[in-house]
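S.K.: Under the heading signal peptide, TrEMBL lists 1-31. Feature annotation from TrEMBL assigns domain 'Beta-hexosaminidase bacterial type N-terminal' to 43-170. According to TrEMBL, the domain 'Glycoside hydrolase family 20 catalytic' annotation covers 174-493. Marked as active site, proton donor by TrEMBL: Glu337.
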Amino acid sequence: MRRHHRTTPRTTRILGSLLLVMAAGAFTLGAAPASGEAIPLAQVVPAPASVAAGGSPYRITDATRIRVDDSREARRVGEYLAGVLRPSTGYPLTVTSQGRGGIRLRLAQGPFGAEGYRLDSGRSGVTITAARPAGLFHGVQTLRQLLPAAVEKDSVQPGPWLVAGGTITDTPRYGWRGAMLDVSRHFFTVDQVKRYIDQLALYKINKLHLHLSDDQGWRIAIDSWPRLAAYGGSTQVGGGPGGHYTKADYQEIVRYAASRYLEVVPEIDMPGHTNAALASYAELNCDGVAPPLYTGTDVGFSSLCVGKEITYDFVDDVIRELAALTPGEYLHIGGDEAHSTSHEDYVKFMDRVQPIVAEYGKTVVGWHQLTGATPAKGALAQYWGLDGTSDEEKAQVAKAAQNGTGLILSPADRIYLDMKYTADTPLGLDWAGLVEVKRSYDWDPGNYLAGAPSSAIRGVEAPLWTETITKSADIEYMAFPRLAGVAELGWSPASTHDWEDYKVRLAAQGPRWDALGIGYYQSPQVPWPAR
Ligand code: TNX
């Protein structure tokens, strides 16, 4: 369902990449072009749908203004862009609706969809046109990558600040391009989550799935069941102090994400992965006895009591309060690894709980085990299987997809960001195998799960489970560079998929991450420029 085709023939693109590498080879492989040369339009990650390079570059100077339409949202995107460019350029970059030339953000009808944009660059200016503010925002991320990596620094840099001439026309392949952060196994503060949001926005990720509850911690305040957060949130893996978001904290995350055009998808994992809730309220347990808090890393040992009516009062209250905090369309109810719930109980539970989500106006998302019950109409299943997943399980998911359940693809042996890159990776787990950068990128979501119609594929999502992850530097080391590849799988047309081309574009991100203070894994598979 691609609207735009690459206007530069593939051979030209490959030749272009070769020339780029050869030119750069005079310095170091993949390094920034010599000053005075602009970065090629085709170097962007995720690869744009269509690139037509040519004409004079635009040079940002101290006279450049950011011109926006008279709309609040266009102005907001303009201010965001100014916030990115001012510290490194040292220019005033006034945001205004007056004048000519400069950097223009323009809302207009056109074949852009909800998130696409066109970027036109020439001697007199750069114009980003989109039908919706999200498209302007994604176009701004493209513009950032067309400027030297030093633009990402927070102190004044020499420039020059050239944007190559030409046109990029761009629109995403999938509407769901997600990242999940597990804030339950280890708690992450609002500021840590915001930092990750900023990093996700660089690559046009548009969903932030927060795994808000698990055996080790309940992380969101629920007024009607206050011990969930106060007690159930009081520890984490390893026994540290844990933490939780107040409703105000959570709303601040939602607001910040929205300002970067990401929708927050909250998850309360049920009926398994519920020890923190069971520990907080004895009456939720079938035997009426609260278990102790749990700080280990086992899975599959806890279950809500499917036969007790109070379980559904609890679920109703939690979903009602969480839905009220959620402007987005989706509410994730987990459903994975319910090894302590019988199949019969699991089906019964999901039959009771999915209508509650609908009652509060939200659409169900569940891990793919939900397809073992009866997914509600419109529900999405998040597939986290791997090559070794049994044929029956794959067939069950494919069958649900044939019957209308949408799929979000999160194959564990491809895009679980908590998997180690190599046996030497100091962080992470390896139950799904080792996942180097190439393996993470080199698959096609549109042709991945046999029997699932391609129309069922809503997109991709990269989960980051945090049993071994305790700080922002850990998040960044595991996410970068793999996250950029997931973003490309979700955004770019399948026709652009090419590891040899991608790895050169990816290498050019390294200096940007350095400038942003992102400590990434320097995979030997990628020709990073010398630092
Ligand atoms: C499986 S994948 C889990 C999580 C763990 C993760 C560790 C899934 C839906 N459940 O509970 O944290 O593996 O990689």
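Here the Cβ of each residue, glycine as well, is placed from N, Cα and C on the backbone.
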S.K.: I'd like the Cβ neighbour count for Glu337 (active site, proton donor), meaning other Cβ atoms within 10 Å of its Cβ, all protein chains included.
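M.R.: Cβ-Cβ neighbours of Glu337 (active site, proton donor) within 10 Å number 16.
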S.K.: Per DSSP, Glu337 (active site, proton donor) is which: helix, strand or coil?
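M.R.: Note: Glu337 (active site, proton donor) is coil by DSSP, not helix or strand.
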S.K.: Within the domain 'Beta-hexosaminidase bacterial type N-terminal' (43-170), what mean pLDDT does the predicted structure show?
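M.R.: Per the prediction, mean pLDDT sits at 97 for the domain 'Beta-hexosaminidase bacterial type N-terminal' (43-170).
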S.K.: Please work out the helix, strand and coil residue numbers for the domain 'Beta-hexosaminidase bacterial type N-terminal' (43-170) from the DSSP assignment.
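M.R.: Tallied per class, the domain 'Beta-hexosaminidase bacterial type N-terminal' (43-170) gives 37 helix, 38 strand, 53 coil.
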